[in-house]
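Inspection log for the structure reproduced underneath, given as structure tokens.
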């Protein structure tokens, strides 16, 4: 009797708690992400002129980057969308993409990167 009560309690707790890593898994599991088409991330910032680069990062060529501000609040919605997204065109840094002139962003943060500076590409060394 104690064993079945314990099993019922565990099943009840499991039903009441939902870990985000289970909710965010794509259909077919984690590895199925590789088979999906990558879409452009949500627009954000003033006038929707930026793109989300992480859950609290909004960047645009005309805007620069907003990190952890009200302009980046919309980027939290990406966590609830089932398909992966990608912003920026050129890869940079360690798993990042060029977000604005001279700025490389990944979902974890942003840093200055000369590879993302369009003027540096045309300068002579």
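Heads up, the Cβ atoms here are built off N, Cα and C, so glycines get one too.
According to Swiss-Prot, of the candidate residues 28, 47, 95, the site noted as glycine amide is 28. Among the disulfide-bonded residues 41, 44, 59, 75, the ones whose Cα sits within 10 Å of the Cα of residue 105 (disulfide bond) are 59, in sequence order.
For residue 52 (disulfide bond), the number of other Cβ atoms no farther than 10 Å from its own Cβ, over all displayed protein chains, is 25. The disulfide-bonded residues listed here (85, 92, 98, 104, 110, 116) include 85 as those with a Cα within 10 A of the Cα of residue 52 (disulfide bond). Between the disulfide-bonded residues 75, 85, 104, 116, the minimum number of other C-beta atoms within 10 Å of a residue's C-beta occurs at 85.
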